[in-house]
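**Student:** A single structure is presented below for examination.
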């Protein structure tokens, strides 16, 4: 049962080729390319409104040097949002349930923000390791704690996204299996379970959008500290 339960998180293969590459490319085909026409269709209009709103929300607290990251973080937001939502469809695969992929996104971007901080404001970046007015006996302990907390940030980014999406997919599979098993033995209980499944699916849609936003928001906060 455990193997069947977690088999949905294994990357499927077709003719020996992993289909995770198709899942990674799928969000870029779903979102249309903006055009320069005065009148556009509803999908492009909604996408343009979303990008403008998201960019304003994320980059308004940042300094001017941090605005150079607008294209990277906006593209990352659309990428994560597309993968999370497409992974909720039946017979699909969610790449963001893989910790390796999430860490592969989190570690380089986090490392880039740290490198920018050390390059542009070395004194201020080093000052985060030791708050002003710290007693002398606590200096080594605080430096160790702040260093550990700095290196835990990318791990927390990847684990948060993986854990939330994995837990949601497991709950959906468990409740859907219970709904099917109770269909003939207890139709009333099966109907109630199905209603719970619908509500949980709506919750997972919200979680998929929120987790993509939180991932990019935390990266913007790390960037704000280093710019």
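First residue shown is number 1, and so on along the chain.
Just so you know, glycine gets a Cβ as well, placed from its N, Cα and C.
All TrEMBL annotations are machine predictions without curation.
For reference, TrEMBL lists these features for the protein:
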{"type": "TRANSMEM", "residues": "12-31", "note": "transmembrane segment"}
{"type": "TRANSMEM", "residues": "69-89", "note": "transmembrane segment"}
{"type": "TRANSMEM", "residues": "101-118", "note": "transmembrane segment"}
{"type": "TRANSMEM", "residues": "138-159", "note": "transmembrane segment"}
{"type": "TRANSMEM", "residues": "171-199", "note": "transmembrane segment"}
{"type": "TRANSMEM", "residues": "205-223", "note": "transmembrane segment"}
**Student:** Out of 69-89, 138-159, 171-199, 205-223, which stretch touches the transmembrane segment (101-118) the most, going by CB pairs under 8 Å?
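**Tutor:** Answer is 138-159, with the largest number of Cβ pairs below 8 Å.
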**Student:** Of the listed stretches (138-159, 171-199, 205-223), which one yields the highest count of Cβ-Cβ distances below 8 Å with the transmembrane segment (69-89)?
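**Tutor:** Comparing 138-159, 171-199, 205-223 against the transmembrane segment (69-89), the winner is 205-223.
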**Student:** Should anything in the same chain at least six residues away from the transmembrane segment (205-223) have a Cβ under 8 Å from its Cβ atoms, list it; otherwise answer none.
**Tutor:** 54, 58-59, 61-62, 66, 69, 73, 76-77, 80-81, 84-85, 87-88, 105-106, 109-110, 113-114, 116, 153, 157, 160-161, 164-165, 168
